[in-house]
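Report on the following structure.
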């Protein structure tokens, strides 16, 4: 009897605690404390895992206590996706190929407003990597400014046509949503002969972009610390090693709930830093070098600038799940318009005033041009933001790798890296640590922020933002497209392909040269 009474009291206490956590999670999610506020788009992988954290937080706010065994409490869905301790069952509708996205887009689920969706997109395209845009103006001049505008227009358009690929007309002539993610669209385009080929291509592109984003965080952390304290006997490589040592616990991550709480604070801090940089540039407006802004381009280095600009606009990966979770999906087009217009204006102004201030002395990371009196403070804040942002793309990359290589049922290439109790096996943890170390090695041997950013933008950014959306749109909806839509899709595919190949070749040449230089040193 005493044992039963203690069990009841324990269940009641757990219920109260769980409901309190659910209410707080829902409240924080509405306020914007969500994993999807990482800006890089960082390519939010596998049914947009990072954006899903926000939506699952909203689901926790409407948990019901009925059903199940007496005294038992239903599992908290906000923990289900990232849970690895074996205590939470997967949702019944969660499948290998995007079932979670399907579940979250179902009827009766809490939705986000157009403003909340716009906040997610804004954070994806208005992030830390805008610090490299003045360097793009250095090699592109007015054409670089035009490209910032052009990339905004094209990415806005391809985001819309990507969402159009989610819908088809049913037998009654109604437009209905039949797909849930970028992977679903890719698989539909390759069906029936290669039903999973498209999804695998998209997943590979996501992994490359996510891992390269992690490498960029390590590079920028080492670069900022080295330039903040140049008098210390510590090299940039040593600072990168120190940063990686701080990041090594990411290999033990089971979920992103703790990390996601810092995302809004980091983003707001970054906006403040951008304002400080612009304010300093405006204070030197009398010395602006308008004559340095060229109408010609550096043929060798401008293709790298193309990749930098494209990379700063990548958000297409998580748009399908974001649109499916909006209260009124009809507002998606309007939301895309104002977010990309705002991004275009802010990026253009930031890049232009920063370049006018330092002209030919503009560095790869613009904060390195600031006076030493304020550079250290600004850079330390940026390093903190980079280190706090690193777990998001890292965990998403780990999720995609584990699902595709270790947990894909009979199609898995390797044995499951999780034991029967849901705990990560020792060799699985070793692989995670190896991924962290790999990002360090790349950052040490290629410590060039602009080159890596340009390579990533040219390879995966252009593919996911320009090439694939236009190709999928033509493949799935070509019978219903108007002639000008066909023209735009073909033009974007051709121009995007040329820019992608050119930027990739020049960035790769720069990386090879950097490897040789480091090898000689």
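Quick reminder: no glycine exception, Cβ is built from N, Cα and C everywhere.
Annotation comment: TrEMBL describes 111-507 as domain 'Amino acid transporter transmembrane'.
Marked as region 'Disordered' by TrEMBL: 65-99.
The transmembrane segment annotation in TrEMBL covers 143-167 (among others). Taking Cβ pairs closer than 8 Å, the transmembrane segment (143-167) reaches residues 125, 133, 136-137, 175-180, 182, 184-185, 188, 295, 297, 302, 305-306, 309-310, 312-316, 319-320, 323-324, 332-333, 336-337, 340-341, 343-344, 347-348, 351-352, 465-466, 469-470, 472-473, 476-477, 485, 488-489, 492, 496 in its own chain, all 6 or more past its ends.
For 207-226 (among others), the entry in TrEMBL reads transmembrane segment. Beyond the transmembrane segment (207-226), the same-chain residues lying 6 or more positions past its ends with a Cβ under 8 Å from any Cβ of the stretch are 40-43, 45, 128-129, 131, 234-237, 239-240, 242-244, 247, 314, 317, 364-365, 367-368, 379-380, 382-383, 386-387, 389-390, 393-394, 396-397, 400-401, 435, 438-440, 442-443, 446-449, 452-453, 455-456, 459-461, 464.
According to TrEMBL, the transmembrane segment annotation covers 262-282 (among others).
Taken from TrEMBL, the feature transmembrane segment covers 302-322 (among others).
Residues or ranges marked as transmembrane segment in TrEMBL: 334-356 (among others).
Taken from TrEMBL, the feature transmembrane segment applies to 376-401 (among others).
Below 8 angstroms of C-beta separation, residues 211, 214-215, 217-219, 222, 237, 240-241, 244, 247-248, 250-252, 394, 397-398, 401, 417, 452, 511, 514-515, 518 of the same chain, each at least six residues beyond the ends of the transmembrane segment (429-446), sit close to that stretch. Look at TrEMBL and you will find 429-446 (among others) tagged as transmembrane segment.
The transmembrane segment annotation in TrEMBL covers 452-474 (among others). Listed by sequence, the residues of this chain that lie at least six past the ends of the transmembrane segment (452-474) yet keep a Cβ under 8 A from its Cβ atoms are 43, 129, 132, 154-155, 158-159, 161-162, 164-165, 182, 185-186, 189, 202, 205-206, 208-209, 212-213, 215-216, 219, 303-314, 316-317, 442, 446, 481, 485-486, 488-490, 492-493, 495-497, 499-504, 506-508, 510-511.
Within the chain carrying the transmembrane segment (486-505), a Cβ under 8 angstroms from the stretch's Cβ atoms is held by residues 154, 157-158, 161, 303-304, 306-307, 310, 454-455, 457-459, 462-463, 465-467, 470-471, 473-474, 478, all 6 or more beyond its ends. Per TrEMBL, transmembrane segment is recorded for 486-505 (among others).
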